[in-house]
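Pulled from Swiss-Prot, these are the features on record:
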type     : residues                                                                       : note
ACT_SITE : Asp664                                                                         : active site, proton acceptor
BINDING  : Lys113, Gly122, Glu123, Ala125, Arg132, Ser133                                 : 3',5'-cyclic GMP 1 binding site
BINDING  : Arg473, Gly482, Glu483, Ala485, Arg492, Thr493                                 : 3',5'-cyclic GMP 2 binding site
BINDING  : Ile547, Gly548, Arg549, Gly550, Thr551, Phe552, Gly553, Thr554, Val555, Lys570 : ATP binding site
COMPBIAS : 832-853                                                                        : compositional bias 'Acidic residues'
DOMAIN   : 541-798                                                                        : domain 'Protein kinase'
DOMAIN   : 799-853                                                                        : domain 'AGC-kinase C-terminal'
REGION   : 1-29                                                                           : region 'Autoinhibitory segment'
REGION   : 58-173                                                                         : region 'cNMP-binding domain 1'
REGION   : 176-275                                                                        : region 'cNMP-binding domain 2'
REGION   : 295-398                                                                        : region 'cNMP-binding domain 3'
REGION   : 418-517                                                                        : region 'cNMP-binding domain 4'
REGION   : 827-853                                                                        : region 'Disordered'
Amino acid sequence: MEEDDNLKKGNERNKKKAIFSNDDFTGEDSLMEDHLELREKLSEDIDMIKTSLKNNLVCSTLNDNEILTLSNYMQFFVFKSGNLVIKQGEKGSYFFIINSGKFDVYVNDKKVKTMGKGSSFGEAALIHNTQRSATIIAETDGTLWGVQRSTFRATLKQLSNRNFNENRTFIDSVSVFDMLTEAQKNMITNACVIQNFKSGETIVKQGDYGDVLYILKEGKATVYINDEEIRVLEKGSYFGERALLYDEPRSATIIAKEPTACASICRKLLNIVLGNLQVVLFRNIMTEALQQSEIFKQFSGDQLNDLADTAIVRDYPANYNILHKDKVKSVKYIIVLEGKVELFLDDTSIGILSRGMSFGDQYVLNQKQPFKHTIKSLEVCKIALITETCLADCLGNNNIDASIDYNNKKSIIKKMYIFRYLTDKQCNLLIEAFRTTRYEEGDYIIQEGEVGSRFYIIKNGEVEIVKNKKRLRTLGKNDYFGERALLYDEPRTASVISKVNNVECWFVDKSVFLQIIQGPMLAHLEERIKMQDTKVEMDELETERIIGRGTFGTVKLVHHKPTKIRYALKCVSKRSIINLNQQNNIKLEREITAENDHPFIIRLVRTFKDSKYFYFLTELVTGGELYDAIRKLGLLSKSQAQFYLGSIILAIEYLHERNIVYRDLKPENILLDKQGYVKLIDFGCAKKVQGRAYTLVGTPHYMAPEVILGKGYGCTVDIWALGICLYEFICGPLPFGNDEEDQLEIFRDILTGQLTFPDYVTDTDSINLMKRLLCRLPQGRIGCSINGFKDIKDHPFFSNFNWDKLAGRLLDPPLVSKSETYAEDIDIKQIEEEDAEDDEEPLNDEDNWDIDF
């Protein structure tokens, strides 16, 4: 019964709409100007304000200093008996605390309660510009403390930025973090926890085992060793860094000399966010050293990571022969992780290597060459040794030249759309199928007008592209040509002629390619290339029907009259964009959508504009919404959930690699193509982020806690939304606020509600992944560590899942629509009538804001 009830709840939920917070001037702002009075806050005022703010949902995670800062921004308002304070249905922008008097609350013109001193109202207005759920009128003369949303959220942003920058400065000063990357240091900064100590309170005690690093942000602390005062630490000092690396007793006692605040980092949280610090530091050193090598810099990133993982790390005392020319057997390369070593050739010193330096390129390139050097430690040191076995395990063989050759081919073909999403197996088969051919100066490699069947990559030399006897350009090493011949039987559009002697090319024949690439992937590639090749103008499009409708306009099914190729045309009303102040968002949506190039993300063909609309011409996706699909399927099986969640992960991972946060992930924004594979659509909420974003945007039920709290967020918010989607797939309803329409109550449940699971959900791996995706602390959320999506892909939930086959379209989707399915089917005449009405009102447009559209 519980399963049926929850399935019913999930099926009955309405489609959820995104919200955009903005700080436009409202009627409420105008009203408050008439009641504002200047008044200095007394200590009892500040105490009351602080108490009220601490009980406020949005302020629940703020520390005392942040609460005090916000208190200082509260303004004083005076009302006479009968004065209106806020009105039900109007957009709100203030949060209030009653200082004196009584205020009546009305819902739908019915009085429901009276509030007095210390009570607060308008909490939702601090989050975004939602409509007021009640009217409040002064019953008696009274006064309020109030703060405007824009001031409140700007203050939160300022406090958050200041705190992050200050903590990051402290992190930069800790020597143990010197070898970390910028991204890794930012991860640690986000993991900092502020701890306050009273004067005389012990921070760490000599002899105790510790796992926390402390950095003094405020105050002073005294260091004692064996009860003897050694020194006083001040702001910026740090202690306990060895606790992050080693499990050993504290070497001193440290006591707060005055009220002291410390930024603290514990080993457990650091391991979650970054991994074992010592391992990370050594891996960074090894990777950087390998990238400096003339040999290893030609390896792929994955191969370098594998080498770092398989390298043997050893400690050596001072004055020790680490490698002797007469005794070395399998070691081919060394990297100094700590300390210094001296390098000898024929007993003559030829140099000193310190941390981060490496040696051995010649022995890697020619592994049969005897080791002629001796390496001796000058001090205690730690060395990474790369052996023949390490190289063989990493590369699959000991032939370095062949491996570099393979890497070159792979890096070239992965740049091309038709090869980019091949499975590893398909990619390997394709590369193995390449053959080598040579040409002399003046030889025709391909002839204009002939039907081609080969694809070429230039291994060495130069060729000329000639069309109608006119030289167009010259191609050189690692350039390619003729790829269309693998998909289409069509004449070559130009000739390719060898420019010099001994031009070497790798080539593969169409017959071989078609043996490797078959079925859904081949069909997908053919359609994608054909769509991109077609040149489309607005007047060449003819509308067939309306297939979607939203806040800003409609989506039409159109066809290109010359070629009959069908597309989707998203028509966005300029009036709606201007009225809702979304000019920057629509420009950003165009920029992001134009750059996207992934099989699980909607493909933009081009954009148009006229006096009334912006137009996005995209590929046509005919399989309906995932929202409807999961209702047809019922509660998803594990394999079905793996398919859909895995597909969404690949799309979101692609965006995050480009520093794009999507911010509105939900089944309504995912379509299914005719093969049953996903397409992520609608980038109206997406944003490119370098640091952190602060705007409240997205669909409330899918919003991460950090979006609501207003202290800054990044790509972690999409990981939270993955957890909401997975819960919906497996459990039925939404995990937070499923039965709520009041946005404040939805937000309250997201921030404080308990995550529970129906009794019929028994798979422990599924439950564990949902819990870890829906971790309220972003730094503890799976997928948000330095490993990124790898941690999610490696989770036991996906233990039997083939990611390679998913990317290669070799899996059977849970649902393939038997006919074309769209979100809407609206009569075209109805839309045309509305468009005609639109002409009657002039646009309040800004000059040239859309000039680049």
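Each Cβ is built from the backbone N, Cα and C atoms, and glycine gets one as well.
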Rounded distance in angstrom between the Cα atoms of Gly122 (3',5'-cyclic GMP 1 binding site) and Arg492 (3',5'-cyclic GMP 2 binding site): 69
Gly482 (3',5'-cyclic GMP 2 binding site) CB neighbourhood, other CB atoms within 10 A: 21
Spatial neighbour of Ala125 (3',5'-cyclic GMP 1 binding site) that is closest, considering only the recorded positions Arg473, Arg492, Asp664 and their CA atoms: Asp664
Assigned element (helix, strand, coil) containing Gly482 (3',5'-cyclic GMP 2 binding site), judged by DSSP: coil
Ala125, Ala485, Ile547 as binding-site residues, winner by CB count within 10 A: Ala125
Candidate with the highest Cβ count within 10 Å, taken from the binding-site residues Ser133, Thr493, Thr551: Ser133
From recorded positions Ile547, Arg549, Asp664, the one whose Cα lies nearest Ala485 (3',5'-cyclic GMP 2 binding site): Ile547
Most distant Cα pair in Å, residues Lys113, Gly122, Glu123, Ala125, Arg132, Ser133 binding 3',5'-cyclic GMP 1: 20
Local confidence of the region 'cNMP-binding domain 4' (418-517) - pLDDT mean: 92
Binding-site residues: Arg132, Arg473, Arg549 - member with fewest neighbouring CB atoms within 10 Å: Arg473
Under 8 Å by Cβ from Arg492 (3',5'-cyclic GMP 2 binding site), counting only residues of that chain that are 6 or more apart: Ile446, Gln447, Glu448, Gly449, Glu450, Val451, Gly452, Gly482, Ala485
For Asp664 (active site, proton acceptor): intrachain residues, at least 6 apart, with Cβ closer than 8 Å: Ala18, Asp682, Gly684, Cys685, Ala686, Val697, Gly698, Thr699, Tyr702
